[in-house]
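Trainee: Got a structure here, written out as structure tokens. Questions coming.
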Amino acid sequence: MVPGLQVLLFLTLHLLQNTESSMVHLNSNGYEGVVIAINPSVPEDERLIPSIKEMVTQASTYLFEASQGRVYFRNISILVPMTWKSKPEYLMPKRESYDKADVIVADPHLQHGDDPYTLQYGQCGDRGQYIHFTPNFLLTDNLRIYGPRGRVFVHEWAHLRWGVFDEYNVDQPFYMSRKNTIEATRCSTRITGTNVVHNCERGNCVTRACRRDSKTRLYEPKCTFIPDKIQTAGASIMFMQNLNSVVEFCTEKNHNAEAPNLQNKMCNRRSTWDVIKTSADFQNAPPMRGTEAPPPPTFSLLKSRRRVVCLVLDKSGSMDKEDRLIRMNQAAELYLTQIVEKESMVGLVTFDSAAHIQNYLIKITSSSDYQKITANLPQQASGGTSICHGLQAGFQAITSSDQSTSGSEIVLLTDGEDNGIRSCFEAVSRSGAIIHTIALGPSAARELETLSDMTGGLRFYANKDLNSLIDAFSRISSTSGSVSQQALQLESKAFDVRAGAWINGTVPLDSTVGNDTFFVITWMVKKPEIILQDPKGKKYTTSDFQDDKLNIRSARLQIPGTAETGTWTYSITGTKSQLITMTVTTRARSPTMEPLLATAHMSQSTAQYPSRMIVYARVSQGFLPVLGANVTALIEAEHGHQVTLELWDNGAGADTVKNDGIYTRYFTDYHGNGRYSLKVRVQAQRNKTRLSLRQKNKSLYIPGYVENGKIVLNPPRPDVQEEAIEATVEDFNRVTSGGSFTVSGAPPDGDHARVFPPSKVTDLEAEFIGDYIHLTWTAPGKVLDNGRAHRYIIRMSQHPLDLQEDFNNATLVNASSLIPKEAGSKETFKFKPETFKIANGIQLYIAIQADNEASLTSEVSNIAQAVKLTSLEDSISALGDDISAISMTIWGLTVIFNSILN
């Protein structure tokens, strides 16, 4: 086999098993390439690295047991920030970085935020983004609250690597079982415990049995399940890994399919082990034989270094078409002047059929350093295209400046085909460099993205959209984890301005940003007139905008100092009809203030039609989600067709969890094969956008244990005050590129309703009101979550398994009067279940499907439960004596408040 092809095949197979950025791979049952990165804001602490090592070593043994001898941790890289002191044992990172780490160690955004969690917003079985541990969690022994740190790591690893979900539910800790008993939301039901309310007022604490809530007929809101310290149940790690007996995941044999938890909702009531054992990891990892325990993991200590970037830009003859050379230079100049961080090392290479080093690495400390590089941007296009020559010159520019290519970044832009690109794949792999690729126009080499994929770089596509090149370059910012260094796009717009007409607009500049603020305009024919006014009324005019020195039709204004907070207004006109663009970039106002951020990506970088693609956008400040924003995705196909999608954070359709700051939507509007680009715009909605001060889906805070007949309570979780659960957010704008993705097998256009059904309803709720059952849910669409479904099919049963396993034979509800609304709307429907004898205590289960005009039917929804209870006294009788007995067992117990953590 050709060596380069062998490398390509290995890397391609490796990429199929990984998320967009993770370097983790499984080799002979051992996980390799795991990266744990420490945030630059974390002060150096000699105890931190030993604690991480101890946690992972402990986790490896526990993981081996939990996976039934299939997997363990073989090697781990710990990446410390550049701000820490150098040590002989610290090695230089290769492609490891904070932004690509599997585990990050960072301070919480708020006080009392030490709960571990995994950022996970994909579908069942999809891998998560990262695990977040705080330094305080790693340095404080909270064994009673979370259990040993190694066990917590395995719980979070199952989220991250295998895409399973929690089996508890802090918002719905109890539910009514089909046996007419109240159960704690858990898996398995073999885990025993006691239900109590613990109240403290003015230093006086009272613990009592839980009372029934007259409205829900479940326990009152403050009721808590206290597990027995000594258990016989072995499952489950996704419920309470802190219990000594728990060493396995719930299986088909002991899975609690009734529990209203995220695992059942997202995975169609499949057990966690069922999801895990069908993962890609387990397809190639049979149980190890002849060993009692795996070898302990090995650790590499790495220290981040100064950023090294080399631009490798195409100046071949085809770059003369459609102003490509000018557009490239506009974007490259903006990148060098506004995006690259100070103290970075930057070089420049241009190539056609040969390559030319224009600048060896220059340390950027002032504007004069930028100008040394921008002065050498290419002015003429000619010759053929040799990408490999360009890359080799880029490597030479780096090594000749006494820097290693390993961990350095190459920004490669080309518009041409190159049949020889595969010849340097092996050299690229050996270099250790990270290659970001920008494909300009539909003829760019098809193998280009392989360079990004095999090196962990970003990939972009730019064509008709005038701002697309600037957007791509603006996205290639620091990966150190120091957000205050990153340049942020506030605006990126193109205007078709008629001669003599005025274009007016506004740019809100919020209080989290304002340093290093630039307003940039580009034009096609003649420089326009512009008037810019800050929130205090100060005006800037055309003469304040500095023209470029390269005749590339751009001008920029840098706001001195820190830009004013508030709404900036602009007006643009000209004597010529032409296309004009406006771009605004800035940086954080202060190193100690987290700026509002937006990031975006697709669920896959490569899709085979008709696979379902999902657009994801995350809006946050630090680790806290921003809710209620107006988030819009612009997707452009290879030949210019554009699709605009409003993204939703409503917990329906493609969205996993409501109000978590992750905005999503299915993308199905394919227009042919090839490359597609993604751009996302985020805007605050006045009086609607807010910052959530609570992190969702975090590790379970264990309230206490029943030990030797006594309830021993842990200190209560420090609560965020009700009035501080959310904070208002001022007006803001963010624009970000989500990179590119490629599609194959898609029709040029057409009716996708004949390919994609309506999306599954995931938020169906049911409630008895009088003799009627009232249903609510979010409407799916004609094509997944787009458009309007044709009709709903509602069925019910007294047994949830009837709906889960044999939906079509369950009792049909007459819903002929129900006309589906537009996707994303709130649906309501009520009906009288006349086919059943309605008696006090009866439980009915309801599920729903939607279909479209092509008779394609959605998956069966989540199963909702409605319980008929006439009065509290009657309901206690109807539910039997078990609950009263369980509730009252507390009165035979002694309650101890454990104020000192072990």
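Cβ coordinates are placed from backbone N, Cα and C, and glycine is handled just like the others.
Pulled these from Swiss-Prot:
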| type | residues | note |
| --- | --- | --- |
| ACT_SITE | Glu156 | active site |
| BINDING | His155, His159, Asp166 | Zn(2+) binding site |
| DOMAIN | 308-476 | domain 'VWFA' |
| CARBOHYD | Asn75 | N-linked glycosylation site |
| CARBOHYD | Asn504 | N-linked glycosylation site |
| CARBOHYD | Asn515 | N-linked glycosylation site |
| CARBOHYD | Asn630 | N-linked glycosylation site |
| CARBOHYD | Asn687 | N-linked glycosylation site |
| CARBOHYD | Asn697 | N-linked glycosylation site |
| CARBOHYD | Asn809 | N-linked glycosylation site |
| CARBOHYD | Asn814 | N-linked glycosylation site |
| REGION | 45-199 | region 'Metalloprotease domain' |
| SIGNAL | 1-21 | signal peptide |
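Can you tell me where each of these features sits in the structure?
Mentor: In the three-state DSSP reading, Glu156 (active site) counts as helix.
Its Cβ taken as reference, Asp166 (Zn(2+) binding site) is surrounded by 24 other Cβ atoms within 10 Å in the chains shown.
Around Asn75 (N-linked glycosylation site), taking its Cβ as the centre, 15 other Cβ atoms fall within 10 Å, counting all chains.
Neighbour density for Asn504 (N-linked glycosylation site): within 10 A of its CB lie 10 other CB atoms from the protein chains shown.
Listed in sequence order, Thr562, Ala563, Thr586, Arg587, Ala588, Arg589 are the same-chain residues six or more apart from Asn515 (N-linked glycosylation site) with CB atoms under 8 A from its CB.
Its Cβ placed at the centre, Asn630 (N-linked glycosylation site) has 14 other Cβ atoms within 10 Å.
Under the three-state DSSP scheme, Asn687 (N-linked glycosylation site) falls in the coil class. For Asn687 (N-linked glycosylation site), the Cβ neighbour count at a 10 Å cut-off comes to 8, with all displayed protein chains included.
Annotation for Asn697 (N-linked glycosylation site): same-chain Cβ neighbours under 8 Å, separated by at least 6 residues, are Tyr117, Thr118, Gln120, Phe165, Asp166, Leu262, Val657, Asp660. In the three-state DSSP assignment, the secondary structure recorded for Asn697 (N-linked glycosylation site) is coil.
Applying an 8 A CB threshold to same-chain residues 6+ apart, the list for Asn809 (N-linked glycosylation site) reads Asp802. A helical conformation is recorded for Asn809 (N-linked glycosylation site) in the three-state DSSP classification.
In the three-state DSSP scheme, Asn814 (N-linked glycosylation site) falls into the coil class.
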Trainee: From the Cα of Asn75 (N-linked glycosylation site) across to the Cα of His155 (Zn(2+) binding site), what is the distance in angstrom?
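Mentor: About 19 Å separates the two Cα atoms.
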Trainee: Return one of helix, strand or coil for Asp166 (Zn(2+) binding site), based on DSSP.
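Mentor: Where Asp166 (Zn(2+) binding site) sits, the three-state DSSP reduction gives coil.
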Trainee: For the binding-site residues listed here (His155, His159), tell me which residue's CB has the most neighbouring CB atoms inside 10 Å.
Mentor: His155
Trainee: Within 8 Å of the Cβ centre of His155, His159, Asp166, which other residues of the chain have their Cβ, at the recorded Zn(2+) site?
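Mentor: Same chain, not in His155, His159, Asp166, Cβ within 8 Å: Thr118, Glu156, Ala158, Val164, Phe165, Met238, Asn697, Ser699.
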Trainee: Quick one: pull the CA-CA distance for Asn504 (N-linked glycosylation site) versus Asn630 (N-linked glycosylation site), whole Å only.
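Mentor: Cα-Cα distance, Asn504 (N-linked glycosylation site) to Asn630 (N-linked glycosylation site): 21 Å.
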Trainee: Which whole-number value in Å describes the distance between the Cα atoms of Asn630 (N-linked glycosylation site) and Asn814 (N-linked glycosylation site)?
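Mentor: Roughly 37 Å, rounded to the nearest whole number.
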Trainee: To see if you understand the setup: which same-chain residues, six or more apart in sequence, place their Cβ under 8 Å from that of Glu156 (active site)?
Mentor: Pro116, Tyr117, Thr118, Ile131, Ser699
Trainee: Fill in the CA-CA distance, Asn687 (N-linked glycosylation site) to His159 (Zn(2+) binding site), as an integer in Å.
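Mentor: Counting only the Cα atoms, the answer is 34 Å.
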Trainee: Rounded to a whole number, how many Å is the Cα of His159 (Zn(2+) binding site) away from the Cα of Asn75 (N-linked glycosylation site)?
Mentor: 20
